[in-house]
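Here the structure is laid out as structure tokens; the discussion comes afterwards.
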Amino acid sequence: MEMYFKRMKDEWTGLVEQADPLIRAKAAEIALAHAHYLSIEFYRIVRIDPHAEEFLSNEQVERQLKSAMERWIINVLSAQVDDVERLIQIQHTVAEVHARIGIPVEIVEMGFRVLKKILYPVIFSSDYSAAEKLQVYHFSINSIDIAMEVMTRAFTFSDSSASKEDENYRIFSLLENAEEEKERQIASILSWEIDIIYKVLLDSDLGSSLPLSQADFGLWFNHKGRHYFSGIAEVGHISRLIQDFDGIFNQTMRNTRILNNRSLRVKFLLQIRNTVSQIITLLRELFEEVSRHEVGMDVLTKLLNRRFLPTIFKREIAHANRTGTPLSVLIIDVDKFKEINDTWGHNTGDEILRKVSFLSQKRLVKSKILGAGSSRKLAVS
């Protein structure tokens, strides 16, 4: 990514250096004179799109976005060589914000198209000569295109990182009590194994036993486990073990005489033992792999730490927009925390934080999310 930004800096610098200073001055003049009108017209057109409207409330547009758009137009069209590096950083920051709140890249691209469309008549209605108008337009469009490319590339990178964090949070939230889930599934497959062993040893018959894929463990693995652990190699190994043993199981069910033969019966029992043993080993490895996601948990309070706050807020904002419900965030600041630490020691301070976290969590309804914002702050969404 750094190499890309360096290349774009060179290209943007080259555009500014090669442009006639008079043309650059006229582009800056257009920007200063018309940025306010352009920002108003820009958001008027963009907000017609129903998809874009989801992200652009009237209050938000009036309070923040129009003035930000004005500054952006002036900065890009008035760029000097010394401004280029700062402008690239601005595009990167804007892209990160877009990715964090979930604005799709197609809306950003539509916005650039609208801006170039409304800029054209502004430039060509000026009193510049025809040649100057054309050069100002070319310089302005090329400047906007470079800014757009930098922003889009940074957006894609930020969106990819955000998606990974979304996936990490999904796994973390689904398997927050991973140890308990692991033991539950191990007990489930062992119970299935013991049930079959008893039937084979006592009756030489599988009776109404289900194949592994249809037993409780198999159903959990195929409908939940595969989804939770998608992308981890052990998932494929467990899937193949289940499939292979189901083949042996179904063959034995079709030919019950196999279990009347002692050597074949022993072979079948060894196969089930070997399969279950391998699956349990792989299952433990899966949960160990997932345990690394616990870096998303504050060690002291056992609450979500700041790592997942952008993911949580993005999800909550999307839900509030979709349902038209208000969204509030409560920040709880533990008062006199430094004084407590200095007077009674860090162990006492830690115990107070644990107590506050426990009581706060206990009093929250299940749909609310409590996270540790910093060493002394809790956030409730």
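Glycine too: its Cβ is placed from the backbone N, Cα and C atoms.
Model, not experiment: these values are computed from the prediction.
Annotated heme binding site per Swiss-Prot: His98, in sequence order. If you look up Swiss-Prot, you'll see Asp333 marked as Mg(2+) binding site. Positions annotated as substrate binding site by Swiss-Prot: Asn341, Asp350. Marked as domain 'GGDEF' by Swiss-Prot: 325-381. Feature annotation from Swiss-Prot assigns site 'Important for oxygen binding and stability of the Fe(II)-O(2) complex' to Gln60. Feature annotation from Swiss-Prot assigns site 'Transition state stabilizer' to Lys338.
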Nonlocal residues around Asn341 (substrate binding site), in sequence order (Cβ under 8 Å, 6 or more apart): Thr348, Gly349
Cα-to-Cα gap, Lys338 (site 'Transition state stabilizer') vs Asp350 (substrate binding site), nearest whole Å: 11
Binding-site residues compared (Asp333, Asp350) - the one with the fewest other Cβ atoms within 10 Å: Asp333
Cα-Cα distance linking Asp333 (Mg(2+) binding site) and His98 (heme binding site), given in Å to the nearest integer: 29
Number of other Cβ atoms within 10 Å of the Cβ of the residue listed as 'heme binding site' across all protein chains: 21
Cα separation, the residue listed as 'Mg(2+) binding site' to Asp350 (substrate binding site) (Å, whole number): 14
